[in-house]
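Here the structure is laid out as structure tokens; the discussion comes afterwards.
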Amino acid sequence: MDRIIEKLDHGWWVVSHEQKLWLPKGELPYGEAANFDLVGQRALQIGEWQGEPVWLIQQQRRHDMGSVRQVIDLDVGLFQLAGRGVQLAEFYRSHKYCGYCGHEMYPSKTEWAMLCSHCRERYYPQIAPCIIVAIRRDDSLLLAQHTRHRNGVHTVLAGFVEVGETLEQAVAREVMEESGIKVKNLRYVTSQPWPFPQSLMTAFMAEYDSGDIVIDPKELLEANWYRYDDLPLLPPPGTVARRLIEDTVAMCRAEYE
């Protein structure tokens, strides 16, 4: 339940508007509300980090509005809370009126939801399930450079789950569509909320089964097999892609060293 922020309120401050995050001096604000001119603002506590409250304030600031990607190097738990705040702020902003009857909606007092004041329809934040998979072939990993990441970073394959599709089917389809190969021995590893814009990454490992690499040029700039001890530029630590790569490298080292 939201409330008005008072002078002595303190904690982490997620000030967000239109999927942007307020980052004075390039950092997520932490401390007393008065230090950041937040007294009197309406805020919602969205969690705790190391015993301190994490507050969401839906507000546009004139300066220092940036992407949540800028705080990706934070501790994983705090980064996830920042991402939660950005996603919730966008959810509340985009659900002011009911999609069924057009009447005004209001936030639930018991959960993250918006309720229609007329037809009683209930809306929840959208979450888009995605798969991400590290594929191994003997002592090598399949890594690709995506068209949307023209910075030299090579990563594992990923994609959105389609309607009526299992996670396993999504892995097989995405891998075939993007690289032209088939995989086998699929194994679930972990998951990670990913606020770009509202994904839930489900991470897998798989083994190469058959086929030659034929990339989808709309998705990939290039893809290739890289030996575990001779890898290109990788995604940053803290990402689920980096974990999948490091876990696969560890398995290769155990077998080949």
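Indices start at 1 and increase along the chain as displayed.
Quick reminder: no glycine exception, Cβ is built from N, Cα and C everywhere.
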Out of Ala170, Ala223, Ala241, Swiss-Prot lists as part of the substrate site with Lys25, Arg69, Glu111, Tyr124, Gln192, Pro193, Trp194, Pro195, Phe196, Pro197, Gln198, Ser199 the residue Ala241
Which of Glu207, Glu219, Glu222 shares the divalent metal cation 3 site with Glu174, Glu178 in Swiss-Prot? The record says Glu219
According to Swiss-Prot, Glu178, Glu219 bind divalent metal cation 1, and the residue from Ala158, Ala250, Ala254 that belongs to that same site is Ala158
Cβ density check for Gln192 (substrate binding site), other Cβ within 10 Å (all protein chains) comes to 20
For Gln192 (substrate binding site), the closest of the binding-site residues by C-alpha position, picking from Cys98, Cys101, Ala158, is Ala158
Summed over the motif 'Nudix box' (159-180), the DSSP helix, strand and coil counts are 13 helix, 2 strand, 7 coil
Closest by Cα to Gln198 (substrate binding site), out of the binding-site residues Cys101, Cys119, Ala158, Glu219, is Ala158
Three-class DSSP assignment, Glu219 (divalent metal cation 1 binding site), comes back as coil
If you measure between the CA atoms of Cys119 (Zn(2+) binding site) and Phe196 (substrate binding site) and round to the nearest Å, you get 31
